[in-house]
Each structure stands twice: as C-alpha cells, then as structure tokens.
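Trainee: Below are the features I grabbed from TrEMBL:
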type: BINDING; residues: ASN116, LYS117, ILE118, ASP119, GLY169, GLN170, SER171, ALA172, MET173, GLY174, LYS175, SER176, SER177; note: GTP binding site
type: BINDING; residues: CYS252, CYS257, HIS259, CYS265; note: Zn(2+) binding site
type: DOMAIN; residues: 61-228; note: domain 'CP-type G'
type: DOMAIN; residues: 77-226; note: domain 'EngC GTPase'
Amino acid sequence: MMQSGRVITAFGRHFTVKLQDGTTRHSYAKGKKTGICVGDYVHVELIGQDEARIVDILERKNLLYRSDEMRSKQFAANVDILFIVVAVEPNFSEDLLGRALVGAWSAQIKPIIILNKIDLSSNYQAAKDRLKTYLDLGIELIEVSTLNPLDLKEKLLPILQDHTSLLLGQSAMGKSSILNVLVPAAQAHTQEYSVALGTGKHTTTTTTLYELPEINANLIDSPGFQSFGLKHLQLNEVIAGFPEFTPYLDQCRFYNCQHLHEPGCGVLKALAEHKIAAERHALYERILLECTAPERY
Ligand SMILES: Nc1nc2c(ncn2[C@@H]2O[C@H](COP(=O)(O)OP(=O)(O)OP(=O)(O)O)[C@@H](O)[C@H]2O)c(=O)[nH]1
Ligand SMILES: [Zn+2]
C-alpha cells in the first residue's frame, strides 16, 4: 500500500518517515535510490506493521547542502528559513557565518541570525558591532537568551509558525539550549542520538526534524559545524550569496567577469570605493577559489 510522508531522520541508508496519519516508520530506500534527505516529502510502500520502503522523492522546493571537514555531506530539503545561531561569547566565526549565508541564499532560503546569550552584557556591544556588516545586508536579527525562555519563545515561535526552519550553529553558541526551549521533547532525543566525545560532552551528530504541531511548524536540528564546504556551487550561485554585489554586476566590462582581477570590474570598483566590505569580498574570493564546478569556466 502506497502512502506519502516526510523524512524526519536520516542515518546512512536508514530513515524515519512520518506518515500523514502521524505515525512514524523505519524506512529504507528502494533499490539504489540515493539522495534522500531530512525534509523530503516521499512516497512509501508500507511493509508489515512498522517498516516502509521509500519509492519516490517528491519535487523539492530547495535543498540546503554543505560538506564538512570530514567530507561528510549534510542536506536538508524544503527549508523555508535558515536560523544561524551566534552568541555574545565565545566569539563566532565570521567566515562560517558568511558561508552559511551563501548556502542559504544560493538555495533560495531566507537566513535569519539569532544572537544568543544576550544576558552576557559585558561583551554584548562588541558582538553587535561585529554583526553590523550583516545587518547592513538587510538580514533580520533576533536577540535572545536561553536564560529567558519565555522571551525567546515570544520572539521565535511567530517566525517558526507554518514554516520549516533549520537551526545551525557553531559549537558552544547554544544551539541545543535553544532547541530544548522550543521543543522540550528534543532533549531526550538529542541525548539518545548524540555521541560522547573524548571529553564526555555530548554533541548532535544527526539531522532531525521536530514538529511543533500547535503552530504547524517544523524545526530541523543539524549537527554543529566547524566548516561549511561550498565546493559544489557554481559562479552564479556564489554570487547569489553576496547580494551587495548585485547593483554593480551590470557595470563589469566582461559578461563572464568573476570579479576577482578583471579590468573594468564594477564589483572591484565598488570594493575600492568601500561600498562593498573588504572582508566580504575576501570571503567571496576564498569560496570561489575552492569551487570545483567545471561550469564555472
Ligand atoms: N549565559 C548563557 N549561557 C548560555 C545560553 N545558552 C546556552 N548557554 C551555555 O552555553 C554553552 C553551550 O550551549 P549548548 O546549548 O550546549 O551549545 P551548542 O551550540 O548546542 O553546542 P554543541 O552541543 O557543542 O553543538 C552551555 O554551557 C550553555 O549552558 C545563554 O543564553 N546564556
Ligand atoms: Zn566584475
């Protein structure tokens, strides 16, 4: 019997699919079918009482893709909002923040920055100053502290409502603490699915979709990230990650300008005139030089 559902966990070739009636089934891919990921809407064949076989992936709205330093790939499909969690302390990496933004914009996902730990007031202003570049790009910023869970919920739940959102954060920014406020049932689950490192500290290793049924929201928790590989992107996708370049693109002399060293480049001119932040162009250059997509040339 065929049914439709949504993939809520993925581990190798093992998946959990939530069916429309609200029950979940341990599922595996039919034949050699690959590329199934959390967030996918699928057709399954039911097998026995609690298993299913995924036979089809329905058309995706988008796919968020990154690779990490271990070359393992993390995907999530049909994501409306990417929440990037940074904190007042410890310092967040602007390189990773910038890469996550490129990942979101290149996949047509709306990014929102969450600044956590605003209770740590002595470093608050410094963190805000570091975020100014991103606010100037028009990115929404939500300021929270998990020590004030009511206020956190008041700010985030209305944004989560009726959407699928993905929570991403470098280690120690407080991503798990935020998830546990929003989805109390996640606590037990993260412990169950996490691995203890040598330090005895538990960390998220799998991507999981949690439901908030009262507000028709889905929240995807993804493993913390130490790197954000974007090698798979093509030139136009990388450029989509730098919306501040857009007004200058039609001023380039060459139609296939890569905005790196070309003469008569509108982006480089704007950079020289400080209309584009130097660290943003430097990030653009780093990402582009890593890209292996042959279509780039
Ligand atoms: N002062 C303060 N500390 C916080 C806040 N949120 C989280 N923390 C602390 O920050 C540390 C990291 O929080 P976690 O939620 O474990 O961070 P994480 O981002 O999930 O980190 P990983 O598990 O390594 O991925 C913990 O010691 C938390 O108690 C906050 O709003 N204010
Ligand atoms: Zn150019």
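Glycine too: its Cβ is placed from the backbone N, Cα and C atoms.
TrEMBL does not curate its annotations; it predicts them automatically.
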Trainee: So which of LYS175, HIS259, CYS265, listed as binding-site residues, have a Cβ under 6 Å from an atom of ligand 2?
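Mentor: Only HIS259, CYS265 qualify.
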Trainee: Round to the nearest Å and give the CA-to-CA distance linking ILE118 (GTP binding site) with HIS259 (Zn(2+) binding site).
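Mentor: Cα-Cα, rounded: 38 Å.
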Trainee: I'd like to know which of the binding-site residues listed (GLY169, CYS257, CYS265) lie near ligand 1, counting only a CB under 6 Å away.
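Mentor: Listed by sequence, the hits are GLY169.
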Trainee: Out of CYS252, CYS257, HIS259, CYS265, the binding-site residues in the record, which is closest to GLY169 (GTP binding site) when you go by Cα distance?
Mentor: HIS259
Trainee: Can you give me the same-chain residues 6 or more apart in sequence from CYS257 (Zn(2+) binding site) with a CB-CB distance under 8 Å?
Mentor: CYS265, GLY266, VAL267
Trainee: Between CYS252 (Zn(2+) binding site) and MET173 (GTP binding site), what C-alpha distance do you get in Å?
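Mentor: So the alpha carbons of CYS252 (Zn(2+) binding site) and MET173 (GTP binding site) sit roughly 40 Å from each other.
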Trainee: If you count other CB atoms within 10 A of each CB, which of ASN116, SER171 wins among these binding-site residues?
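Mentor: When each Cβ's neighbours within 10 Å are tallied, ASN116 leads.
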Trainee: To the nearest whole angstrom, state the Cα distance for the pair SER177 (GTP binding site) and HIS259 (Zn(2+) binding site).
Mentor: 41
